[in-house]
Amino acid sequence: MRRLPILALLLWICSIFYVGIYLFVGGFLLVRLEVNRTSTCADVLPPGADVARGDFCLKEPRFRRAVVLIIDALKSDFARYDPENTSPRAFENKLPVLDEMASSRPSQSRLYTFRADPPTTTMQRIKGFTTGSLPTFIDVGNNFASSAVLEDNLVHQLGQAGKRVVFMGDDTWVSLFPRKFHRSLPFPSFNVKDLHTVDNGILQNIFPTMEGDDWDVLIAHFLGVDHCGHRFGPDHPAMAEKLTQMDGVIRSVINRLQNDTLLVVMGDHGMTDTGDHGGESLKETDAALFLYSGSPLFPAPSSQVEPEVVPQTDLVPTLALLLGVPIPYSSVGQVLLPLFPHNNSRAAPTGLSQAEALWINVKQVNRFLETYSSMAKDIPADSLSHLQSRFTQLSSQYLSSVSKGAPPSPELVASMQAYLSSVRETCRASWARFSPVKMAAGLLVMGLACVVCYVLSELSLVVLQEGVLKMPVVSGLVVGGAVAAGQIFMWGFVEVLWCVGVVALITEVMVLWRVRRLSLWLSLLPPPLLILLLRCSSLLSDSYVISEGRVVTFLLFTLVLYVPLRLNWDGLLVPGPPPDTQKPPGLLPPSLPLSTVRREGAALLVSVGVLVGCLYLSLSFHSCREEQGSCQPSAFLTPLSRVQDSRMRNLHYVLSLVSLSAWAFLLHRWLRHYGNLNCTSVTVFTARFLLPLASICMGLHWAVSATPEDSFRNLAELISLAQVALPRVAFGLLGLGLLLLWLDPLTVFLKTRAPLNSRAPSMPPPRYRASTGISPQAELHHLIPQLYQRIRRSLEDGGSEGAEADGRPAVEAYGLGTVYSAPLILLCGMLGLGLLLLHPEGMALSFLLMLLQAAAVLHLHTSSSTLSSLQSHSNVFSVPWAPVVLWSLAASQFFHATGHLPTFPSIQWGAAFVGFPQGHSGTVLPATLVTLNTFASHILFAVGCPLLLFWPLVCEVRGTRAGRSGGGDDGEDVVMEMRLRENPQQFSSALLQLTLRYLFICGAQVFASVCAAAILRRHLMVWKVFAPKLMFEASGFIVSSVFLLVGVALVMRVDVAVAGLFQKLLPQNSR
């Protein structure tokens, strides 16, 4: 096998796809420019009135202190109270204190709906309500790694004003605002299974802190409600307990408040009905905001129109002016006017009036707009000009009113509010900006990558013989170096992205140029690729993306039916008519033996039946998108710890345990059936012992995880230890097995025959056979081909040196016929167990269906290729397009059938804590675990892709090759995968072609997502549907390509080991 050329070509193909994705994403998901300037009390905002004093700190602040209670995921529904609701759900009517205060003390308190900007992840929300700026889509990826906030923010302004800010709670704040707090008590935040550690830590410190005098602003961030939602969902008794606890906390804080202290109780985001968040549905964006003061704070309810919804960005300028600090420089929020007295009111002796606060806010936003527009050019010039003219008009009207000594008119106040809203909407629209040049470059590179991948897959044999990569790569590097030199000469720096893009583009063009003559003979797209075309076309429709799970299932079902229909159309499923004896033999058309047609037809029918059954059952494991309305997510997605019905919990556990046992048993049975468990290698040790032990640990871990917290309180420490130890032991066993598999992947047992008794009756030499129960000898019951055909011929040519007197080979090899597929099967089995451990327990049945469906696809492909080869009398190892498309569609289908969706709220964050319930010190490991969980189906089908090449040879034991060959000694030879060793050039070509075809299919889907995002970038659903789909499709391609290379590398590792094995047996004749 030509290992190095294959790996080099595959790495190059993957690299150009990566470059194309990186180029497009760099132009599609740009982060807005951060203005690293800060506001100060001395700032004079144009048009300035008092140059000596500045604008922000002209008057005494309304409040000397503030207590900010952030109840993470405090959904707006949680804060409502309905006295007529006599049977409330777990999350209803559990915070009566908010309604009581708002009703009994309307001049001191208000309750609002607090609307967040997506993405609704905690870190982005903290940034939003401390800086007053708007997030960008790409910020969601930073939720794993909270980097320090560099923009001007409220925490910084409070510290600059000399106010002592004390923080306690979610440790995200400490990483966002390092060394900004007077005192901080952070607690680990990412362990969603821990409902109490953070909250209890706050409760131990908040009241002593409030009773002391060493603070001015107290921030407490509770996490129990959010973690309860992630773990149990909102409608669970644990949520009722947590909300009731928060009700008591708010009451206790109110009782300790001084009249000069403002209380802010708020949620950073909401949650869906399953307890998730991150998207932009109203359930996720609408939180609660409660404001309270011991002294009168609000005007009479009928004196002013109250806002129905308060944007989170509006909290920043409001708190800044109430506490007497400058508004952060980049804030685009609008002050909440009801918190400021009317212009003619004398109720508040200190603080700014509504018009004064609004005027300062308008000037601050205008200053930011001018600064930002001078630094970045992404705000349209006409919009910018319109906003500047409106500000000029407002300035003249306000200054004219002040000069006359009259309060600003209500119309002027409304105009200033409209101006602030216009600025925010303009910025929101402008910051969804794109770079058309980068997007076009990414599209071009990816489009050419798909073309190159398809052409090379069709010309794989010629590509390996002639080599087409060396000169294009050298040419690309030369041109890329020239571009880099030009950048240094013109700009003084190198933009690596463009240089890499040029290298990729030049190499693609050069490769296509070198194979231009050969590619003229390429046939039209085969029919199975029409299914791929439909799949890619569906990605241009938001409704199809929303229903993608069912769409992929339908396409897979359609292609499954196409295979037997095509065989029947070609006359391969119907026995031919009896031959006409009057015609010469040379004129008779080829016909298939009746027994072969029946055997393969039956196998085909069983495979189709299993596939259809798996497709139907897999629909029971789908999750639901927010856009799907009445859709109910699968009950199997609920972790056992969240199932309240003990009968249902026990049933789910039994089903999961049976599925896990079936997974391990089927793998062991297959390896035993093909004679791969006879030797004493470390790989056999892995299959015999490590795999079952890991399965036992997983079953015990599920049992421990399903134990309710209020049960076995005396064994709480032991249960906690088991939750850590059992999954880690399982991970360790599987990791050790993977290492041993790589070190010694052979599962072949060599047996030397004993000398024959010369006085025994002479027996005819046995034919070269592969027996799985057909051998007359008991010791060969699970024996697959005794010996590699090349060895037999070498031994026969060598005379008596390597054979006994009866001509029988002196060495038998157990398991040699599945020498390539057995390590792959074992690898998929161990990876599958590890990935299943990262999923909810109920997904064990889905993983078992995945295994059965993959086996059905392999057998469907085997029967189809067997019948086709029998008719054409060919012995080519090439894998047709149909099974490759089926394999790829199955990966996409089981992405949905394992509870995943191309949306951020559907990410199963709990995977990060399997074996690590106390959380992580870094971000790499949890991000890796969540990635493995999300793309489990992509990983398994990518690693197992080479099985499509090996499976028809593995199933050669049915005797189909003999039937095809028409008898004779050679016709009875069943050497299975050793045929690949006999034809190394065809082996290399077939393996390269298969991997290129799989990469082409995956790359075409990414290219379709890229095109959809580019074409529909101004679509209403772009950030809700198409952008997340692009991110998941691109990530899935990267993961699939990496693990596809892992599978190919294992095949090559086995090939090296097989070569070494035969070098020991035949040092003179081994290749």
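Heads up, the Cβ atoms here are built off N, Cα and C, so glycines get one too.
Sequence-distant contacts of the transmembrane segment (6-31) (same chain, six or more residues past either end, CB-CB distance under 8 Å): 136-139, 433-446, 448-449, 452-453, 456, 463-464, 469, 473, 497, 500-501, 503-504, 507-508, 988, 991-992, 995-996, 999, 1003, 1006, 1010, 1013-1014, 1017, 1027, 1030, 1034, 1037-1038, 1041-1042, 1044-1045, 1048-1049, 1052. Per TrEMBL, transmembrane segment is recorded for 6-31 (among others).
The transmembrane segment annotation in TrEMBL covers 439-457 (among others).
If you look up TrEMBL, you'll see 496-515 (among others) marked as transmembrane segment. Listed as Cβ neighbours of the transmembrane segment (496-515) (distance under 8 Å, sequence separation of 6 or more from its ends, same chain) are residues 12, 15-16, 19-20, 22-23, 26, 438, 441-442, 444-445, 448-449, 451-452, 455-456, 459, 462-463, 468-469, 471-473, 475-477, 479-481, 483-484, 487.
Sequence-remote contacts of a segment are chain residues at least 6 beyond its ends whose Cβ falls under 8 Å from one of its Cβ atoms, and for the transmembrane segment (601-619) they are 549-550, 553, 556-557, 560-561, 563-564, 567, 573, 846, 849-850, 852-853, 855-857, 859-860, 862-864, 893-894, 897. Positions annotated as transmembrane segment by TrEMBL: 601-619 (among others).
Among the features that TrEMBL reports, transmembrane segment is placed at 651-671 (among others).
Residues annotated as transmembrane segment in TrEMBL: 683-704 (among others).
The transmembrane segment annotation in TrEMBL covers 725-743 (among others).
Positions annotated as transmembrane segment by TrEMBL: 819-838 (among others).
The transmembrane segment annotation in TrEMBL covers 845-862 (among others).
For the transmembrane segment (935-954), the list of distant contacts is 674, 817-818, 820-821, 824-825, 827-828, 831-832, 835-836, 838-839, 850, 854, 858-859, 861-862, 865-866, 877, 879, 883-884, 887-888, 890-895, 897-898, 976-977, 979-980, 990-991, 994-995, 998, 1035-1036, 1039-1044, 1046-1048, 1050-1051: same-chain residues at least six beyond its ends, Cβ to Cβ under 8 Å. Annotation comment: TrEMBL describes 935-954 (among others) as transmembrane segment.
Summarising the annotation, TrEMBL assigns transmembrane segment to 996-1016 (among others).
Sequence-distant contacts of the transmembrane segment (1036-1062), counting only residues of its own chain at least 6 positions beyond either end whose CB sits under 8 Å from a CB of the stretch, comprise 1, 3, 6-7, 10-11, 14, 17-18, 21, 741-742, 744-746, 748, 750, 788, 790-791, 819-820, 823-824, 827, 891, 895, 931, 935, 938-939, 941-946, 981, 991, 995, 998-999, 1002-1003, 1005-1006, 1070-1071. As annotated by TrEMBL, transmembrane segment applies to 1036-1062 (among others).
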Okay, the transmembrane segment (819-838) and the transmembrane segment (683-704): do they have at least three CB pairs under 8 Å, pairs separated by 6 or more?
yes
What residues in the same chain, six or more past the boundaries of the transmembrane segment (845-862), come closer than 8 Å to it by Cβ-Cβ distance?
560, 563, 603-604, 606-608, 610-611, 614-615, 617-618, 621, 636, 655-656, 659, 662-663, 666, 832, 835-836, 839, 879-880, 882-883, 886-887, 890, 894, 897-899, 937, 940-941, 944, 947-948, 951-952, 954-955
Would you call the transmembrane segment (725-743) and the transmembrane segment (819-838) in contact, using three or more Cβ pairs under 8 Å, pairs 6 or more apart in sequence?
yes
